[in-house]
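Asker: The structure follows.
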Amino acid sequence: MAGLLLGLLLLIAQSPPIPSRPADGSWGDVNDKGGGPGSPATPGPAPVVTAIPTAAGPNGTVRQLPGTIIIGVRKGGTRALIEMLSLHSQVAAAENEVHFFDWESHFEKGLPWYLSQMPFSQPEQLIVEKTPAYFTSSKVPERIYRMNPDIKLLLILRDPTERVLSDYTQVFYNRLQKHKHYQPIETVLVKDGEVNLEYKALGRSLYYQHMQNWLRFFPLENIHLVDGDQLIRDPLPEMKMVERFLNLTPQINASNFYFNKTKGFYCLRDHGRERCLHDSKGRAHPRVEPAILQKLYRFFHEPNRKFFELVGRTFDWN
């Protein structure tokens, strides 16, 4: 028995990482065009991950690869979503943003390293990790597909303009705390009287552009869209839809949430223990001139329309 366990441990330690592209090209060209929204882009048969599905832990626990991933979007409410999802007893969440599929320094370590970043859990639990940068990284959809083509993905979105302002606010406070120079918001949003297309935060809010890439590999039914604005206002209905999408036993209920008047948003209650998101969440945005806001609204109007058409639903965005 001891020899068998030793052999399994050696297999886990020596399992080679999945290459960035198969040697025989059997998974197709990532530049191939798909068969329309919701259809994978002829990537060929996905690999079956069998070398390291689990790693044994204490008291019958195991490390497992994720059954669902929160892929974004940055400043869309991903932290709130994973904290709320963790209220469910059938869910175990990775503690940190893993950045396995978008950082080459992590991806080249292979699936054994990725597995090591997952929490020990009961075999029947659903593992979830979140890395908001996945959504806007062009190489991530294929990499996740090749790990598990049937994985369920969660994507939480906010009004694109509000998301841009939150993006700026986070960077602003980070630089302020480090006593670094920062640019006023007007100078990053507008250049020569027009929307500054060089500002990366704008690109992160072009959901239509990024969603097209994901739908080349995953059907729409594998991607659940969470309304981040609605999650802030009334979290329970959004979380019940997430439960159904993930085929979880209904557990999350109204008693898990209470409105904190001081913070101005909902906090969580779990078995009598109350907790709120970090103080860095929910910060007030800087004031922006109405004329600049109107430029942003006009800029996002057509991409938003295309996104609504692509996913078959609308959101209450300006």
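Cβ atoms here come from the backbone N, Cα and C positions, even for glycine.
Please treat TrEMBL annotations as automatic predictions, because they have not gone through curation.
From TrEMBL, here are the annotated features:
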- LYS75: active site, for sulfotransferase activity (ACT_SITE)
- LYS75, GLY76, GLY77, THR78, ARG79, ARG158, SER166, TYR266, LYS281, GLY282, ARG283, ALA284, HIS285: 3'-phosphoadenylyl sulfate binding site (BINDING)
- CYS267-CYS276: disulfide bond (DISULFID)
- 68-302: domain 'Sulfotransferase' (DOMAIN)
- 21-50: region 'Disordered' (REGION)
- 1-20: signal peptide (SIGNAL)
Asker: Within 10 angstroms of the C-beta of HIS285 (3'-phosphoadenylyl sulfate binding site), what count of other C-beta atoms is obtained when all protein chains are considered?
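Answerer: Summing over all protein chains shown, HIS285 (3'-phosphoadenylyl sulfate binding site) has 13 other Cβ atoms within 10 Å.
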Asker: Which whole-number mean pLDDT does the model give the domain 'Sulfotransferase' (68-302)?
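Answerer: Result for the domain 'Sulfotransferase' (68-302): average pLDDT 94.
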Asker: Fewest other Cβ atoms within 10 Å: which of the recorded positions LYS75, ARG79 wins that one? Let me know.
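Answerer: It is ARG79 that, of the recorded positions LYS75, ARG79, has the fewest other Cβ atoms within 10 Å.
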Asker: Suppose we draw a 10 Å sphere around the Cβ of SER166 (3'-phosphoadenylyl sulfate binding site). How many other Cβ atoms does it contain, all chains included?
Answerer: 22
Asker: For each of the recorded positions (GLY77, CYS267, CYS276), count the other CB atoms lying within 10 A of its CB, then report the residue with the highest count.
Answerer: GLY77
Asker: Provide, as an integer number of angstrom, the distance between the C-alpha atoms of GLY77 (3'-phosphoadenylyl sulfate binding site) and CYS267 (disulfide bond).
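Answerer: Answer for this pair: 13 Å between alpha carbons.
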Asker: How far is it from LYS75 (active site, for sulfotransferase activity) to SER166 (3'-phosphoadenylyl sulfate binding site), counting Cα to Cα, in Å?
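Answerer: Cα to Cα, LYS75 (active site, for sulfotransferase activity) and SER166 (3'-phosphoadenylyl sulfate binding site) are separated by 6 Å.
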